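Colleague: Quick one: the structure is below, and I'll ask about it shortly.
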Amino acid sequence: YDIILVFQVYSIVARMNASREVKSVELPNCKLIKGIETGAEDLEILPNGLAFFSAGLRYPGVKSFEPDKPGKILLMDMNEEDPTVLELKMTGSNFDASSFNPHGISTFTDEDNTVYLLVVSHPDFKSTVELFKFQEEEKSLLHLKTIRHELLPNLNDLVAVGREHFYATNDHYFVDQYLRSWELYLGLAWSNVVYYSPDDVRVVASGFDFANGISMSPDRKYVYIAELLAHKIHVYEKHANWTLTPLKSLDCDTLVDNISVDPVTGDLWVGCHPNGMKIFSYDPENPPGSEVLQIQNILAEDPKVTVVYAEDGKVLHGSTVASVYKGKMLVGTVFQKALYCEL
């Protein structure tokens, strides 16, 4: 029994990268974004430079600076010289904004250029996908539908492939908080990826130690999945019938969270946790650091992986996402601030 216990402790320390110290990689032109104080766990930038942020996530076991306040969706125009964020109004007769708890987000643009925003939310710590229509003139989101399904019990992130069609990650197998903690501690790689459409819902990939961010190549042929506690990014080939076939995995020396894909170059930009133990046991005197990876030519035999930004938590606590637009980069965090950088 003692040997098993020692092994499990060693395993959790290794999976959390608990002994890693951050080697600083600074960027000269970065500033904190005013108006983001309770996290920007995920973000997505439209081709016209409008960026959506999900803010105010409350997640079991993770710090929240405003645990009693609902989350919100923020908007920023990256084309402005000194961009600021504004909170989007959310309308819709059947939408309960008071329980809104946004996590991963994804956009889908229809043939008529209508933009839909799909948001993972955790009302009462359950999992839903909230479908909104973006109304740019009114700076608002019109709520269209709440999606729930038994195969979507522990949602983390999603990537839209249609207005109501998406791939999504479940980061745990168990729903019960006690069993979830044992799943995490024992390293049970039981989390999965689900394909959802109104008439077809199925698991398309499984066996992940905390499936996290998910994204897609610009040509829509490949799906990228971040496996947080295995420190891996997986590449899957997407087929016409929506099934996925594993192609390759890329090992990273960090806990990989959300993945954004540059629509021009196809590069992956990944928000990472260099030391995951500091995320799950928050200490303001020793805060979690932040790290951003750029991955070029991920399909090549030897992809180029660059640490674009890294620091020990003096600026950002726990980076979860990074995305670029015309030489500028946004970096979000799970519960704290967000950064705007000129590359």
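Going from the start of the chain as shown, residues are counted 1 onward.
Even glycines carry a Cβ here, placed using N, Cα and C.
Features from TrEMBL:
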ACT_SITE  His103  active site, proton acceptor
BINDING   Glu41, Asp42, Ile105, Asn156, Asp157, Asn212, Asp257, Asn258  Ca(2+) binding site
DISULFID  Cys30-Cys341  disulfide bond
CARBOHYD  Asn241  N-linked glycosylation site
CARBOHYD  Asn258  N-linked glycosylation site
Colleague: Measure from the CA atom of Cys30 (disulfide bond) to the CA atom of Asn212 (Ca(2+) binding site) and give the result in Å, rounded to a whole number.
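Modeller: Counting only the Cα atoms, the answer is 26 Å.
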Colleague: I'd like to confirm something. Which of the recorded positions, Cys30, His103, Cys341, has a Cα closest to the Cα of Asp42 (Ca(2+) binding site)?
Modeller: His103
Colleague: How many Å lie between the Cα of the residue listed as 'active site, proton acceptor' and the Cα of Cys30 (disulfide bond)?
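Modeller: Computed Cα spacing between the residue listed as 'active site, proton acceptor' and Cys30 (disulfide bond) is 25 Å.
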Colleague: Given the Ca(2+) site residues Glu41, Asp42, Ile105, Asn156, Asp157, Asn212, Asp257, Asn258, which other residues of that chain have a Cβ within 8 Å of the mean position of their Cβ atoms, reported in sequence order?
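Modeller: Surrounding the site, in chain order, are His103, Gly104, Val120, Gly213, Thr320, Val321.
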Colleague: Nearest to Asp157 (Ca(2+) binding site) by Cα distance: which of the recorded positions Cys30, Asn241, Cys341 is it?
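Modeller: Nearest listed residue in space: Asn241.
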Colleague: CA-CA, which of the binding-site residues Glu41, Ile105, Asn156 lies nearest Cys341 (disulfide bond)?
Modeller: Glu41
Colleague: Could you round the CA separation between Cys30 (disulfide bond) and Glu41 (Ca(2+) binding site) to a whole angstrom and send it over?
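Modeller: Computed Cα spacing between Cys30 (disulfide bond) and Glu41 (Ca(2+) binding site) is 18 Å.
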